Every structure is written in C-alpha cells, then in structure tokens.
Amino acid sequence: MSGNAGLKPRSLAESGVKPFRSRDVSILFSSTTINKSRLQISRRTSTSTGTGLNARKSIRKSIYGNQITINDFEIGKKLGKGKFGKVYCARHKKSGFICALKIMDKKELINFKVEKQFRREVEIQSSVKHVNCIKLYGHFHDTDRVYLILEFAIHGELYKLLKKKGKLDEVTSSRYIYQIADALSYLHDRHIIHRDIKPENILLGFDNTVKISDFGWSVYSNQSMKRTTMCGTLDYLPPEMVEAREHNYKVDVWALGILMYEFLVGKPPFEEEFKSSTYKRIAQVDLQVPSHVSPEAKDLIQKLLRYTPEKRINLKDIETHPWIVKNKPHWDEINLEEGV
Ligand SMILES: Nc1ncnc2c1ncn2[C@@H]1O[C@H](COP(=O)(O)OP(=O)(O)O)[C@@H](O)[C@H]1O
Ligand SMILES: [Mg+2]
C-alpha cells in the first residue's frame, strides 16, 4: 500500500498482508488452552468442544482450510483502547480458546499512513516467541477492519497496577525488570528494537508474568542504523531521540531505566509540566533519585540512564547486577495471586 490518504481501502491480502487462515492458527490450539475457570493456562485441560488431544484434533479438522472470520469469535469485554482501534477479550467459539482481539479500522490505518507500520507490527510480533512477550497467533481481515489474534494477558496493564499502588516495592520491581530485560535481550538478539517500552505496554499474565506488548513502533535494527524517527512516549524518550540524533537498540535500555525509576518512585524521572522542560532534563540526564531507593537500585538506574548509548549497561549483565542478586531470593515470597 502506498499510504496515501484518501485512497479507497484496498484489500490487505492484495498488499501483502496475508489473511489469517486456520493453518496459521493451529498453533493456537496445539499446546495451550484455557481451563474451565478460564483463569489458568494448562496444557492438559478441556476445551468447550471436548477434552485434551481429541478436542484439539477436532478443532484443527473443523477449521482446516476455512478462513477465520469475526463470526468465529464471541466478543467479550473491552480490554483497552489503542491509537488505531480497540482490544477486546474474545472466545473462539469452536475451541473455547480465550484470546485478545485487536481490531483496527482499515480506513484509519490508511488515513494515518500507518499501513507499513502495521505490517511491520504483524511481521515482527508473529516471529517473537518468548514467555515475556505477548504472542501474536495470527490475523485476518474483512471489508472494513483488520484483526490481530493475541495472547490474552489476564491481569492487564502494569500501568493500572502502578496507578493503584502508587509505586512498587523493590522485590516486585526487580522481578519485573529482570523479566523485561530478558525479553528485550531476546528481541535485540533477533535485531528487533521495541521502541515503545512504557507501563501501558507492559501487560501481566498468569502469576503476574510480564508480557511485553504493542509492537506498533518496533523495527528491525539491521535494516538501517540511521533511524532518526521520533517515536515512543515523551517521558520515555532517550537523549539521542530528543536531540534528533541516530538511535539504535540502546533506546530500549534507556526506557528500561525510566521504567525501573517509575516502578520505584511512582513517576518518571524527568516529568515536568511543559514538554520543553522534560526534553531539557532528558538531554542533561538531570536525574535525582529519592533517598528511599536502595543504593543497589540507584546504581542500576544510573547504569541504564547513561547519556551515551554505548555506555548503557548490557542487558545480559542485569541478571548478575547486585540489585537483582539481592532481591531474587525473595521473589517466591511475592503474593502472585493478588495482582502485584
Ligand atoms: N493481549 C492483551 N491482553 C490484554 N489486554 C490487552 C492486550 N493487548 C492490548 N491490551 C489492552 O489494550 C490497550 C491497547 O493495546 P495496544 O496494543 O497497546 O494498542 P496501541 O498500539 O494502539 O497502543 C493496551 O494498553 C491494553 O490495555
Ligand atoms: Mg499501546
């Protein structure tokens, strides 16, 4: 698609986005179903059409060769609203599988010239297979809309939890930071930069496992390192972006530092009433860490929030950082049921 506003919406299939077919969705039913309480993922529990292996076989058989449509789903409650559409909890009727459906208007994608970005989101997210990233099982479209079939994150946005609690304790924060660092390290190894790490895009699954979502801004870093696109959210922008210099995968490492600060302090470090003041503080790395933050946490924040991208800590070194080493033995004391 050319991306010119005013063009009549064309078929996404025509433009290279493959319609979602049952063959693609087979993975959806192959190992993961939601049990009768729909609150736990289990490899062995029953689905609404039967139990275990037989049910999965019957699902595959019944949908094989048929294109999935919106009529194959029961739409549940709205989970959230994004820039270009809404996300609903949905149940695949035949199998009982619960997922999140991200529904976007084709006209809007065209008018805002983001079809290319959308296709990249689909391409990248469907290739990502990591326990701390939301899985994209497939996609389909009809005349007006495109639909992404996503892994459902039962506990929703970390942002809401943060707003409810004000800030998070160090044990809980360290568990989240460790999981996000692991996921980012996986993405970077595959030359993927997420570019929009912030609490709204960090979701929580069963046992409050972190699930990085929203690959709408993600790119392959090896395509070109001269990426000067300003993207992401103001408070999470690194100096190289506010100064409109080139950026690379180290933007995610910076964002992780902002996230860690926000977990522990309750607000991002450079927050100001006026955008221009925030920009200035980011460019100067005008960082003030309150005294209630432990020295180990402060040290890691400072190592993540370095002005020079190359000087930021290597993600793989986070797991051996004293802050993680100190808190890790207490992770199993966290009440995971409570929504921490
Ligand atoms: N897989 C999911 N499970 C649960 N909630 C989700 C899921 N995906 C998205 N949401 C909710 O919908 C909101 C918008 O989705 P997102 O993919 O971030 O859209 P956008 O790209 O427009 O920001 C999220 O902030 C979250 O609240
Ligand atoms: Mg989002």
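FYI, residue positions are counted from 1 along the chain as it appears here.
Any Cβ shown, glycine's included, is placed from N, Cα and C.
Nobody curates TrEMBL annotations by hand; they come from automatic prediction.
Going by what TrEMBL states, the ATP site holds Lys83, Glu151, Phe152, Ala153, Glu200, Asn201, Asp214, and the candidate of Lys102, Lys106, Lys165, Lys167 recorded there is Lys102. For ligand 1, the neighbouring recorded positions among Lys83, Phe152, Ala153, Lys198, Glu200, Asp214 are Lys83, Phe152, Ala153, Glu200, Asp214, by Cβ distance under 6 Å.
Within 10 Å of the Cα of Lys198 (SUMO2 cross-link), not one of the binding-site residues from the list Lys83, Phe152, Ala153 places its own Cα. Filtering Lys83, Ala153, Lys198, Asn201, Asp214 by Cβ distance to ligand 2 (under 6 A) retains the following recorded positions: Asn201, Asp214.
DSSP gives Ala153 (ATP binding site) a coil state; it is part of no helix or strand.
Here ATP is bound by Lys83, Lys102, Glu151, Phe152, Ala153, Glu200, Asn201, Asp214 per the record. The longest Cα to Cα distance in that group is 19 Å.
In sequence order, Gly82, Gly85, Lys86, Val87, Tyr147, Leu148, Leu150 are the residues of the chain that are 6 or more apart from Lys102 (ATP binding site) and have a CB within less than 8 Å of its CB.
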